[in-house]
Structures are given as structure tokens and as C-alpha cells.
């Protein structure tokens, strides 16, 4: 029996009592997922996106139909909520004592929405619904990349979607985030192919715009994150032949790109990624020196912020660069103290603990593989992020975790999954 809070004395399936509301809820959930990477559609007065509006509408319908999960993370729910509490408590206490309480409340509100409300939308859903939402996320990223590619070709001076340096920021509005989300979408697409959810021709149709969009971002983060995602997915799946094949294909692609990439790759990718690989000069990869300066600066700041931090959004005020350090771990330690950092680690560990038992079961290994791979990718990308409450990070994170929280009755290997050696 799934862990949903029932709002009536007798439970009834949505097909019997709330068919129309259930359909509307699924439609709104799908729209929430589709709009999540479209960061461009947001309010001016606060960080409220179009996706957030549909998320709230989805939650209202879930409440009416009695489908809000009481324990979204299953047995790990207490660990998750304790970790979230530590993260927000550290930020709030530090803001009250050392920083700006209003700024602290604003940041904490964003984290609460992403880490406490968004999981209610996706966790403990039937597997068919989760798979549909994952497909919608991939299609959303295909749309984002096609939209961005059009602007790169026909309106390269439109700085809403293209940076002055010629990188694709797209509807995500952040070039490195767009590259990282493309990497996640490519990983999701490969997983769907390996588990028999899509055919080869559909995989190629999806990979083409995602891969091209990734190149247009000129994102070293996105490029290497894609490679890590592919390798991790094959490794955690336990399919040794697949792992060997992925390694061989990866080396072949690297060989071709390294030797002949200048003949067919976009100019921005050649300049930022290929140039850095050929010369070994990391400064060609972008603002590497500036980011390293902020990281070294953050190490010095965090020596005095172990118990209480500077307060939310206060790092930029004391930084010589006037910007937050682009490292989530250091930023949380600096602004929220060790308490916030421990809360963050606790959330990551909770996700791993949810996925690990599923990964260790031969019947469900592919589901656990995507959960663990996604968490690893997000943990790595946070080495280049500031705060991570944006909904385009939360949605793929919780969709991947949701696959490992399916009721026991549905725990079985996909029918057409890649066979183990």
C-alpha cells in the first residue's frame, strides 16, 4: 500500500471517485515539469516561476484527491526532513545574528519550497506516472535547446538567451546550468533506451538537439558531466559489457573530437572546451581564475563561520569580487555555518540511502542506477553553483529519487532492460 495521506475514511482509487481531478492533476504535474527548466518565465518581484504556479495548482488537486504523500521518502522521510531543518536553521540563525533576517527568510522560503513542497509532487507516485514525467522533462530540455539553437543562428545579439561572449544561456538563462541540465537530459534519455522505454530512433532524435545545445553552451561543466553521467549509469547498472562499450565509444569520441573537432564543432565549443583540452590552459575554459580566487577567498572566510555563518546572501557583501563563491558547499558553510553544510550532506546521503537498496537488487537495479547517477551528477555540479534552490535542479533530482520509492508490488526489472552479462 502506498504511503498517501487519505482525506476520507475509505480510500478509493482515482478511477472510481476522482477521475477528472486525477487527470487534471497529472496534466498540471506534467506542465510543472515541462516549465521547470524555463527559468525565463518568472516574476520580477521575487523568484517565482511559471512552474511554481502550476506546482501549487498540482498540490491543491493532490490534496483534494487525497494523493499527497504522508511519507514522501518512505522510511527515510525523517532523515530528509531533519536534514532540511538543519540546512534552513543554520541559514536562518546566522541571518538573525550576523546578517539580514529578511534576506534569510527569503532564501529559506525558496529552499523550503524546493526541498519540502516539490518532493510531494513526484515521490510515491506509480511508476508509470514517474516515467511519463521523466519523458516530459527530457522533451522540455529538447525544446529549450531547439529554442536556444534558433536564437544562436538567427538572433545571436539577443542577450536574453545568448551571452555577449556567444554562449547559449537559453531559457534557463544560465549557460553552465543549461549545459548541466542537458547532461541530465542526455543521461535520462540513455537510461530510457537501456530500459526499453524508447527505441533507438527516438534516442537519436532526442540526443541530437540535446547534444548540439550542449555544445552551444560551451560549458566545460556540462561536457564533463555528460561523460560522468554515461559512465556512472553503465557502472551502477552492473552491465559489464555495456560499461566496456561505453568506455570504448567514449575514447573514440574523444579521439575524433580532439583531432578533427575544429572541422565540425561550434566555434564557442572549440574556443572554451577544445582549446583548453589542447593547450592545457584552464584560463581558456572561461572564468576559471576568477572562480578559483573566490574559492580561495571562501576558504579564508569559512575559518570564522563554523558555528554561525555570515547569513544568507551576505557573502557577496564581504567578497572582494562582490559575488558569491560558486561552490555550494563552501557557500553554505560561509553563510549558514557547519549546521547548514551538515544538513546539505544529510540530504545527499538520504537520496543515496533511498537508491542503494534498489541498486543492490537485481530486479530493480536499473531504477537505482538512475537514482544514484543523478545524485552523483548533482553533487558534482554543485562545485560550480551558488545556492541550489532553483526548481530546475529540484525536479530532475526528485524524479530520479522517485524511481527508487515505488511500492513493492511494482518492484520489477523493466521488460526490455539491457541484460546483464
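Residue positions begin at 1 at the first shown residue.
Placed from the backbone N, Cα and C atoms, the Cβ positions cover glycine too.
According to TrEMBL, the transmembrane segment annotation covers 21-39, 45-66, 78-97, 103-123, 130-152, 177-194, 201-234, 240-261, 338-360, 366-381.
Ranking 103-123, 177-194, 201-234, 240-261, 366-381 by CB pairs under 8 A with the transmembrane segment (338-360) puts 366-381 at the top. Long-range Cβ contacts of the transmembrane segment (366-381) within its own chain (Cβ-Cβ under 8 Å, at least 6 residues beyond either end) map to 180, 183-184, 187-188, 191, 194-195, 221, 225, 228-229, 232-233, 236-238, 348, 351-352, 354-360, 393, 396-397, 400-401, 403-404, 406, 413-414, 417-418. Tallying C-beta pairs under 8 angstroms between the transmembrane segment (103-123) and each of 21-39, 45-66, 130-152, 201-234 places 45-66 first.
At the 8 Å Cβ cutoff, the transmembrane segment (130-152) and the transmembrane segment (45-66) share fewer than 3 close pairs (sequence separation 6 or more) and do not count as touching.
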